[in-house]
Amino acid sequence: MAKKQTPMMEQYQKVKDQYPDAFLFYRLGDFYELFNEDAVKGAQLLELTLTTRNHSAKNPIPMCGVPHRAVESYVDVLIDKGYKVAICEQMEDPKKAKGMVKRAVTRLITPGTQMDLNGDQARQNNYLAAISQADNQFNLAYTDLSTGELKTTSLGSVEGVINELINLQSKEVVGEEALPARLKAALDSRHILLSQQTEILKRSEISYLTQDLTAAGQRHVVGLLVSYLLTTQKRSLAHMQRAIAYQPSSFMKIDHYSKTNLELMTNLRSGKRQGTLSWLLDETKTAMGSRLLKRWLDRPLIDPTAIKERQDKVAELLDHYFERSNLQEELIKVYDLERLAGRVAYGSVNGRDLIQLKTSLEQVPKIKYVLEALDSPVFTDLTSRLDPLTDIADLIDRAIVEEPPIAVTDGGVIKDGYNDQLDQYRDAMNNGKQWIADLQEQERQVTGINNLKIGYNHVFGYFIEVTKVNLDKIPRDRYERKQTLVNAERFSTPELKEKEALILGAQEKSVALEYDLFVKIREQVKEQIQRLQKLAQALSELDVLQSFAVVSEDYHFVRPIMNSGHQLQIKDGRHPVVEKFMGHQEYVPNDVQMGDDTDILLITGPNMSGKSTYMRQLALTAVMAQMGCFVPASRAELPIFDQIFTRIGAADDLISGESTFMVEMMEANNALSHATDRSLILFDEIGRGTATYDGMALAQAIIEYVHQHVRAKTLFSTHYHELTSLEETLPRLKNVHVGATEKNGELVFLHKVSAGPADKSYGIHVAKLAGMPAPLLKRADQILQKLENKEAELAKKGAADPTNQPTPQQPAAQPNDRVQEALAAAAPLVEQNGQMELFNPQPTAKKLDKKEERVLNQLKELNLMGMTPMEVMNQLYDWQQKLK
Ligand code: ADP
């Protein structure tokens, strides 16, 4: 095996050994090459052709490559797939190198540290997180390297950590070796890359960034995160902001399931942003505003003063249409200052970025002016934070030309008059042009060749070009041939050489000087990064607030009154997203009345009548209110919720059976064990995923438990009409229903929520519409009555008997008893009834044929409670056809 490697492969291997978990892009001339396993895997992922190096050898080395100019797009693909990429550059000019060209890794790009974010990604944060464990507590830190935001918190459980990571949508987590297996598995299943960092460096950056933190565990985890960055990122971290500790409990908590269910950020069906609350509310004009809006949506406030402050500003902006339009016009011209600050620190800004920075800064005085014209105390603080950085704007204005080239190394970036030395070089260059023009004229005179011209190219420099027909006229003694073309020859003269040296010298020096000047300007901007970040923060806030004002006006939102008690009164509430798709006219607004005396609304009504929309609209209203936005209603008074829990099944996940039921129970349990009397719980059709009585018993027990022990504001939708009798025994439960009616033989959903339980004979009503025989319907009615009477009795007994109440220790003990009872109550119904022809397998009146028997058996097996009206109709139609 001791095969001798070429010196290059030896060098490659040395570098690769330092980055075993990254794809190594190894620069070779105009290409980056991948070798060995990197090449095999990379060729597949990047759709490149796999070749070999040394094909003649016994063990040829697999290899593939990408052109250096296109490298970014290939890197992006790998990073998106969750891999790391190390870029290894040539550190000297290969032409001048003696022996092997020196190479070194200049960049390590990882999913959590990617900075060049374009398109949609510009409107999103990219968070790198770090986790460490101390005693029974987890410490978490996160940063967005492109903006320098740095935060830390402590969490009590693995679930808490996972939830926070999902909220942050982190693609990469830095951890010490000892992390619980459960956490590692959770990261793995979500394709979150875990990067190891063992050592905390002793560096001044870390002391600086952690200086405001008091908790040792939080200082540790921030140290871990920054150490990882210092080790892997070959770049300045000057733009990173001092770490801020936050308490998850100072925001409204919405667990990940509920965020998904409520479609705050992503659409359940398409996985996209369209159709979400974030999409609806986002009328921001800047990418940083859009990112801040998502952060606010992710963490609605619970501090009433902070909510009021945002609302006050939205109200002002809402009332002042023209000022608001002016602000929008200025904001559109504001560049992504947050990310620009990051790139300034990294040293990757060019002339165009600086011009954009200047343009952005020029908007600030105009924005201040508009806000001052509003003459409202609510904007005093925000206005004072709008620092126009006049020094920086002036500097750029004096130094950088209005339309600089992309490259900062080729000159043409610095304005005339900014630097004396540069002006002198430029003079020489300009004069040079004149010299050349004069020389050309002079040579034409001397030779008599009228089309003689002096030109320039990169390879040969300046030359005199003479067409073939005129060659006999040139002075052979002075003209020295440089190049032969098809129709012409090119020459040089001693005089031309002299001018050339002067011109090219000036040009070279001026380009070098320009670059030096540019770097100095960049450094001056870098010193002001913190001011720039503060300005960015203030502008982002203003942008989100104006966005709230815009949507509040467009969609007729009102300012909610936030109370410190438990009053919840909404008049004409709407689901803002459904309303937008459907149109303001079409949507049926609904009230929610839950005073101090009401904790639970039990919502009944047919499928598709609007139960779940009604529940969701309340949750969205609460979230919007606590973000500081106005809400879709004609009047709204709300308590401040500490948490929202939901169990809202999508229609189709009910089909998948047991596993869904497990999820359902887990989510319900999560709500029951963590909700407080300040929380909001939405339970949609709980218990539906299991057998009817089983599910109904569970549903009832859950309602009782909430009523007795949790006392959170709860909306509970159900198709078990039997549960509506709970209103008689549970004083803080109210029945409401969503109406439907029959019109021209068709079922019409009214989408209107009213007090009281839904019409119980609804399912039978559908059967009637389908044309079922009258005796059958009558019989169904009888059975229903019996079932209901039994259930009502049972419910009364259960609720009245205090020993039957679930205790916090055994919330699930009761349902089982209840199932037994319910089943016992239901069973005699079928057996005892003598005239029950339809349900009797041995008919007394008429012998059934095979077909009829089959239908009857199917009917017996049918789980009516688990079917939608449409399914019932289809089934009935099917039978009718069979029996004809
Ligand atoms: P359920 O939960 O009762 O099965 P949904 O809440 O899913 O019903 O509503 C079914 C459909 O009815 C929704 O997709 C929506 O289009 C429509 N809908 C619901 N509520 C309203 C309303 N208030 N006004 C108009 N249409 C509504």
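Just so you know, glycine gets a Cβ as well, placed from its N, Cα and C.
TrEMBL does not curate its annotations; it predicts them automatically.
Noted in TrEMBL for the protein shown:
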| type | residues | note |
| --- | --- | --- |
| BINDING | G605, P606, N607, M608, S609, G610, K611, S612 | ATP binding site |
| DOMAIN | 679-695 | domain 'DNA mismatch repair proteins mutS family' |
| REGION | 793-818 | region 'Disordered' |
| COMPBIAS | 800-817 | compositional bias 'Low complexity' |
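Only N607, M608, S612, in sequence order, out of the binding-site residues P606, N607, M608, S612 have a CB under 6 Å from ligand 1.
The average pLDDT computed over the domain 'DNA mismatch repair proteins mutS family' (679-695) stands at 79. Using a 10 Å radius centred on the Cβ of S612 (ATP binding site) and all shown protein chains, the other Cβ atoms total 24.
Non-local neighbourhood of K611 (ATP binding site): I603, T604, G605, D684, S717, V738, each in the same chain, at least six residues away, with C-beta under 8 Å from its C-beta. The binding-site residues in question are N607, S609, and the one with the fewest Cβ neighbours inside 10 Å is N607. Cβ proximity to the ATP site centre (mean Cβ of G605, P606, N607, M608, S609, G610, K611, S612, cutoff 8 Å) flags the following additional same-chain residues: S717, V738, A740, F749.
The DSSP secondary structure for S612 (ATP binding site) is helix. Under DSSP, N607 (ATP binding site) is assigned to coil, being neither helix nor strand in the three-state scheme. With the fewest other C-beta atoms within 10 Å around its C-beta, P606 stands out among the binding-site residues G605, P606.
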